[in-house]
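Novice: Positions annotated as FAD binding site by TrEMBL: Arg90, Pro91, Tyr92, Leu107, Lys109, Val116, Ser117. As annotated by TrEMBL, domain 'FAD-binding FR-type' applies to 27-143.
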Amino acid sequence: GGRWQISLTLLAMSEPLDHCSSCYLPTSWLSLPLLAKKEYNYDSTLYSFGLPEGQSLNLPVCACILLLAPGKGRKADGGKDDFDGSDAVRPYTPVSDNSVLGKFDLLIKRYDGGAVSQYLHALPIGAEVSFKHIKFNIKAQYPFAGKTTFTLIAAGTGIAPMYQALWKLMGTEGDNRKVTLIYGNKSPEDILLKEELDGWASRSAGRLKIVHVVGNQPDDPAPPGWADTPTYTAETGWVDEAKLKKHAFPPAEDTLVFVCGLPGMYAALCGPRNEKELKDGSTLQKLGYTADMVAKM
């Protein structure tokens, strides 16, 4: 509506803001209105946030933005309601295409006791939410020079940065490089953006291979009816050494592996997200990959 349009206009007239990339968001907190929210599945919601008319978010590929939940910070070893008055900050990658004008979309899973996801879920339409974008939020960048094959390993909402990479890899004319997406979820119902991924795979003329891995435990049996389709390979259990050996592009100077998921997944596959090196004994290291072949999202 008019109210936030005026506030954004006033903002544009005030002090110039610092930016670290092409992204519309500055390196300091900026309030944007919640335009819409739509239930995506049983535990995930699609949130749309407003930008000035004719403005796109223009986020670099495989970068994220930070969202602030005021007062939702917790004591270091506290339980889910042990808020200490500090703010909680979480990184998110939009699932909307960068060319969309006037808004961007975040797909967010609600966790029981998830301070930020519960905060967002309770917000009314029109509420202001603070965002910023800092240099640390920029990861490997398209066109990923020198790389000819890509393995994208994701779990849950870790699909978001992979989705942005796929927009570019599958949507850029003349880019014919091959991509394998290995996507882990608890159950087939948990798979996010499944129709969109199926669509890309079916149009890709064999360039995009999708492997869905579903299971809560490594030795979970296949759910009823879980089987390969023309657009994806159906696997069960966890994303582990055997599945990577079977489906990922093998280690080579010209291959790149993206990883995005929960901390446990980084620990097993490559080591902590904030460390460039691969952890000794981690799955990707054991399979022969080096730090130059792996991008931790």
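Every residue gets a Cβ built from N, Cα and C, even glycine.
Annotations in TrEMBL come from automatic prediction, not curation.
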Novice: Need the DSSP three-state call for Arg90 (FAD binding site) to compare against my parser.
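Specialist: Going by the DSSP assignment, Arg90 (FAD binding site) falls within a strand, counted as strand.
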Novice: With DSSP as the reference, give the number of residues of the domain 'FAD-binding FR-type' (27-143) in helix, strand and coil.
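Specialist: DSSP classes over the domain 'FAD-binding FR-type' (27-143) add up to 10 helix, 47 strand, 60 coil.
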Novice: Do you know which of the binding-site residues Arg90, Lys109 has the most other C-beta atoms within 10 angstroms of its C-beta?
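Specialist: Highest number of other Cβ atoms within 10 Å: Arg90.
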Novice: Report the residues of the chain - excluding Arg90, Pro91, Tyr92, Leu107, Lys109, Val116, Ser117 - with C-beta within 8 Å of the mean position of the site's C-beta atoms, for the recorded FAD site, in sequence order.
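Specialist: Along the chain, the qualifying residues are Leu67, Leu106, Ile108, Leu120, Thr157.
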Novice: Which has the fewest other Cβ atoms within 10 Å: Leu107, Val116, the binding-site residues listed?
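Specialist: Sparsest of the binding-site residues Leu107, Val116 by Cβ contacts within 10 Å: Val116.
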Novice: Would you count the other CB atoms within 10 A of the CB of Ser117 (FAD binding site), including those on all shown protein chains?
Specialist: 20
Novice: Quick one: give me the count of other CB atoms within 10 A of the CB of Pro91 (FAD binding site).
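Specialist: So the number of other Cβ atoms within 10 Å of Pro91 (FAD binding site) is 17.
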Novice: What number of additional C-beta atoms lies within 10 angstroms of the C-beta atom of Tyr92 (FAD binding site)?
Specialist: 21
